[in-house]
């Protein structure tokens, strides 16, 4: 057989020469390569021993595959190559063929030599009944070790091919299977190191280079690779830091080993070691490491110790140079210090089961090495660290050792032992273990059994130390129970609670304490955002869960705010809020740009608002509700009380302010929130009467406002309306702070935040909403902009039955225009329960302060537009509207005469209702939204509550695609309020899987904390169509919303009301924003819409002014008829472009 193999080898040499001949074309070279592959395969299968002696497996890889791969890779990387795309295609095809070749070769080798690999799929599983081997008599049976080697060779190169194809997970799997097959061969470990290096994992890279060297058959290139990696680490600059993160510690740790391995700058070892010991203790108590990292650190130390003095040197007398002795001393000191801290950590944290800080595997590995090197106990550095042994004894006694543990003969390897099989420094310790079963050695409760086996082996090592080093440890046997004792006094560490700061990830541990100390109202708000339930208990969770937000908050920490406010903000930070919501916090009119990137939960996100006279200098404190301030001085009819949110004066700063904050346009709301834009705050918000319920609702509004703002609002509520209970704030969008909190809590709600239309919303929120509505039903379009009775009617038509409104028994005074925030209707189907719980309190408390008012829009409001001064708004109508708004359900269970008048004609008419037409004319609504809303008594509420209005619900159900787009920028700001409205239910009904919770935080472009659940609305983007930055429902990206005024054509359109909560399909398909810029989609149609709106407003004026005190079906019917006619005329123009 050797003759035939020799003949194959000669033919292979000829083929290799032909392949290097430049005269041959690609086709001839390809043919020669295929022939060479076939020859080598035959040699490996027929005479494996001969082939391995001739290194055929290496020639096969190098000449048949690697050289060609390297050539194609070089050509593909050359950007000047005009045929790059063709080369890349050829490379992909060649890698695919190479993978197939080695897979087939491995399968054939296993079949021919009857090798059973754990990673191999047997032929029977592939449907192959029999494997008839041809020429079986000609096959020379190889040794089992040769079979294992060639199979490992195939697995390694399969991993290489997968790595070239950027399939890192598959490559790692191949490498690990290869290492398990022959642990004494260093090649798989070298490849794993290369793979880890490509991922930027420096600690794992060094670990596997050490593993590749410290084996029976080290891989030659591993030593060179390790030297290069350590040299590169030494060349990096040192950064002076008082506190290190894990990455800082790893860099310093690798530098330390670079000094030792390369014997360079040894004078730096001692100070660097001391710093490493100090930071290791701090990080370990903070649970910054995981179990695998601790094992890697320990093994790297053991590798260096073994490299300096192996076992052969232990038994013989050797003279060491001064440098070698210094390196050994410093390394051993570092190793023993780490061991002591590892023994102390589980006692301090009492969390052995925690994967984040589980040091026992590293302790086990360290103790195994000490048992193999008994002379180490005589070293001076070990004597200097006798405090280790009392800690070790406490650890062993915590296992409740028994005499039976010493006789345990379980040979099953632990995970750390399985990982380190073949490691020369520990090889003798693993001789009695059975690695043949791989990871399947333990069945049933693996973790529990492994924990007990590890404890038993540690107890056994402790007993060995007690027998051989009685001066350090003694062991007493009391009726089968073991007790370890020592005469060495135990060292009490400095308060390790410092470690519990949760360093790195939790640098702002204060945030957690603040959240814990925060008022129950704030907690409830946070919990609401987090969980559908309104329970305050859930509020605590957000504090712990949203640690990611802490970092962004650090950025804002620079701003000085009252501690009280900071607390609230801290909690808010924990509950990720859409950047848009946070944006409103900033005072600058350009907030839109900043707000996207400033989460509300950040302290700096809420600078003090100088425009608020009554507001305390601390920006975090939210002033009590301000008396109604109507720019026009308009007053509502007697008997009608309008929340301050609705009464915000049109005098509010122009849209610019609103835009900057992206906050709701309602001044009262911004005033409540320190983060509201200064100009907006200056508006009548301040003058809102303390009776406004928004304050009470603020706690429930966690969506929009920061926790601090919520707290401030609660205080203000108590001041303004001490008699009012602080209900769930979630429903009252007017309260920006409340909304922010809710948004933070609810990830899906946060999606709304990104639009951060709060400021624009306050201005022309309703109209803009319609601008952004998709080609959805005119009613739906209208609903976002006009959430007043019109909106109610539309949703009522669709959902009125399912949503019985609260009995129309609210007093006019209690009924606030903001209450018309159709929170209940907005969440009509899924949010009913939540809304039922929250709507009354939230609406009342939030609406007055935070309602978005079209008045705030730069467009001046007509005197009649002012909700207070508008004579067009009949008291009865106001009362009825307020009652409807107050009622959580959209259904009018006990509507006054006005309700039937409104519902009957509006809901039943086949054509568009007045409100529908208004909605269809977003531009008009935008310009006259304040007037219309004030006329209807919904102006403020609609603006503030567009998200929660029943039209939103309708959008949520029917207009999922355009729901987000439909929402106005103001709606986006109101999103927070919507969330607060639905504290119990985070719009789960309309949100499929696109809620913030389902969305990865990282997708949230505006969220400073990508991990935070309630992070900015961008989180929803994953659900929405990729073309838009909208939330799952299609809400435009917060960034777009914030930078541009939604009401302006140049601003991004946003669906902040119910649309954001719609299913992802709505955002992807229906969202007209997708087709065009989200902000300016409707702006192009603004003039026509404004004209129609003006005409409609004039007609309303004439009708309502004539019968102001006698609202009845006749006036409404006339208005509806006019509206219907107008709709028919300009219906085309009213529909938003898609």
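Glycine residues also receive a Cβ, built from the backbone N, Cα and C atoms like all the rest.
Noted in Swiss-Prot for the protein shown:
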- 525-537: compositional bias 'Polar residues' (COMPBIAS)
- 584-597: compositional bias 'Polar residues' (COMPBIAS)
- 649-673: compositional bias 'Polar residues' (COMPBIAS)
- 990-999: compositional bias 'Polar residues' (COMPBIAS)
- 1063-1082: compositional bias 'Polar residues' (COMPBIAS)
- 2: N-acetylserine (MOD_RES)
- 519: phosphoserine (MOD_RES)
- 575: phosphothreonine (MOD_RES)
- 732: phosphoserine (MOD_RES)
- 848: phosphoserine (MOD_RES)
- 515-612: region 'Disordered' (REGION)
- 649-745: region 'Disordered' (REGION)
- 838-871: region 'Disordered' (REGION)
- 990-1090: region 'Disordered' (REGION)
- 1106-1138: region 'Disordered' (REGION)
- 152-185: repeat 'TPR 1' (REPEAT)
- 187-219: repeat 'TPR 2' (REPEAT)
With DSSP as the yardstick, break the repeat 'TPR 1' (152-185) down into helix, strand and coil residue counts.
27 helix, 1 strand, 6 coil
Helix, strand and coil totals (DSSP H, G, I; E, B; other) for the repeat 'TPR 2' (187-219):
24 helix, 1 strand, 8 coil
Taking DSSP as the reference, which of helix, strand or coil describes the residue listed as 'N-acetylserine'?
helix
Taking only the residues in the repeat 'TPR 2' (187-219), give me the average pLDDT of this model.
96
